[in-house]
Every structure is written in C-alpha cells, then in structure tokens.
Amino acid sequence: MIDIVRWRYAFYLLSLLIIIPGTIYLLLFGLRLGIDFEGGTFWQIQFEKPVRIEDVRSALAQAGYNEAFVQSFGQQSNTAQGTVTRGVSMRLPEIKENSPEKAKLEQILKSRFGNYEELVFTSVGPAVGREIRNRSIVAIALASLGILGYIAFAFRKVSHPFRYGICAIIAMLHDVLVVVGIFAILGKHFGVEIDALFVTALLTVIGFSVHDTIVVFDRIRENQLRRYGESFEQIVNISLLQTLVRSVNTSMTVIFTLLALYFFGGTTIKHFVLALLIGIVSGTYSSIFNASLLLVSWENKDFLRIFRRTEPEAAAT
C-alpha cells in the first residue's frame, strides 16, 4: 500500500517552492489592477487592416495619452515592418461614452489606421473601483469565516473539530496564494491585469478547494468510526487512497472543460479561465497532499518536535 502520509514533508516543501516565488513578486510588485479596481477605461477594437501596436501607442501619445497601456489580441502576423495585428486592447484614463474625448480619439484612429469595429468599451470611475476592491476583500473574508464555521459544525462529533476547519482554511489560502502569486508574475512580465472576474474566479477556487477537502475529511471521519484501534496516520492514509481517484477524475473533468474554454472561448474570459485552471489544479493537490496531512502533523505535534529539536542546536552554538 502506498504511504502518502510518510511523504508529507516533501509535499509541504513542494507547496512552499510553488508559493514563495509568487509571494515575493506579490510583495515587491503587487498585482496589476484592472479598471474594475483602479478606475479608467478599457477599449477593445478590431481594425479592418492590420496595424502595428507601436503605431497605435504613438497615435495615443500624440492625443495626450502617453501612459496608455496598449496590447494586441487575436492573430498576429510578421511583416517587413514588424509584427502586425488587427485586434487592439487599450487601457486609458476614464473616458465617458459619447464624450468629446472619445470622439477625438475615434477620429485620430480612423484617420491614421482606417475603419474599425468596437468590441468592448468599459469605463469605471475611481470611486467605483475602490468600492469594488473593498467589497471583494470583504467577500473573500466572509467566505473564509463561513467555511471555518461550517466545517467545525459539520465535524463537531469528532475530536478537535476546529482542526479540520483550520486545516481546510490553510489549504484554501494555499490555493489563493498560488493563483494570486502566478498572476503577480504574469502582471509584472506580461501585463496581465486582474478585474472583478478574477475575484469571481478566486471565490470559485475557494469553493472547489473546500468541497474537495471536505470529501476527504468526511472519509477520514467515517474510517475513524469503522477502523477503531488503528492509528490516526493509518486512517488518514487509507482515506486518501480511497478518495484519490475520485478527486483526480472530478478535477480532470473540470480541467478539460476549462481548457476548451481557454483555447476556444472569447479573449475577454481568458484570464478568468486561466485563474480557474490554476486554482483547480492547486485545489486538487492541496486537498489531497496538504489539508489531510496537516491534520496528521497537528495530531502528532510534528512542528513542536521540530522546534524542540532546533532549540538545543541553537543553544549549543
């Protein structure tokens, strides 16, 4: 029989190796906030003829938008003049729909690059952006507290029910840090922004992670009643092996669906789907190799043992 519990420190180490780089980027550079959080205008258009992104930036700079963020989307082609594309996304200071500022920009773009089709035009004020950001933080915090309370109540008949809730929250935070950390890296190097859909993805990842964790915890609870006399380590290991295939199969079904959405869906939901993909993979891993194994470490007082072992060594030096 495979002994998953025996390798728990290796799984903890792997989690740290994944989380630490993203956390460093998050602390040093933060997330690249979209207009939903900072305010501004997101404008996505598709020209009839291919254009160079550098030329679009130059046109916007001439109109007074020197700090505009411009990037391509969709198919690109290489020509003698450089890389060209028909799809252009622009992040600008707040511009109202049907305003003189927008009319001026439309005239500049059409006179220089020809006709285009407007795909998306979204404008959010700074005050609304701050409100969305604050509400997003509150939503995630309330979801975490609700999960902790529910798990503690659901497992109230086992010993130390709050341990189950706390370990589930730790696994959930693991998944959130993985997603947020990767998006901090993508934001720094590829200009990927987060918006309200990103918060929706995080809440979905939290729900999936906790759901998967509860399935494993519930099997541990059942086996504690059925396998009276066996050690907690043995019960957890058996429970993990019994739920492993089910967890992986469920996750793979979701992952294949998300992959189809990522490659064949619209550009506006790509980052949302990417966040879900990362979160589902991380949630599957953490529910199997983190949450339940943390219960074992807590039961065995593993971390106290490590601290006690390091204290004499520190005193000897």
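Yeah, the Cβs are placed from backbone N, Cα and C, and that goes for glycine too.
According to Swiss-Prot, the feature transmembrane segment maps to 11-31 (among others), an assignment based on sequence analysis.
Same-chain residues lying 6 or more positions outside the transmembrane segment (135-155) and placing a CB less than 8 Å from one of its CB atoms are 37, 161-162, 164-166, 168-169, 172, 176, 196, 199, 202-203, 206-207, 210, 214, 217, 221. Taken from Swiss-Prot, the feature transmembrane segment applies to 135-155 (among others), supported by sequence analysis.
If you look up Swiss-Prot, you'll see 166-186 (among others) marked as transmembrane segment, on the strength of sequence analysis.
Per Swiss-Prot, the feature transmembrane segment maps to 197-217 (among others). Cβ atoms under 8 Å from those of the transmembrane segment (197-217) belong to residues 34, 136, 139-140, 143-144, 147, 151, 154-155, 164, 167-168, 171-172, 175-176, 179-180, 183, 239-240, 243, 246-247, 250-251, 254, 269, 271-272, 275-276, 279-280, 282-284, 286-288, 291-292 of the same chain, restricted to positions at least 6 beyond its ends.
Tertiary neighbourhood of the transmembrane segment (244-266): same-chain residues 208, 212, 215-216, 273-274, 276-277, 280-281, 283-284, 287-288, selected by CB-CB distance under 8 Å and a gap of 6+ residues from either end. According to Swiss-Prot, the transmembrane segment annotation covers 244-266 (among others).
With a cut-off of 8 Å between Cβ atoms, the residues of this chain six or more beyond the transmembrane segment (276-298) that come close are 4-5, 8, 11-12, 14-15, 18, 160, 163-164, 167-168, 170-172, 174-175, 178-179, 182, 201-202, 204-205, 208-209, 212-213, 215-217, 220, 232-233, 236, 239-240, 243-244, 247-248, 251, 254-255, 258-259, 262. The transmembrane segment annotation in Swiss-Prot covers 276-298 (among others), and the record cites sequence analysis as its basis.
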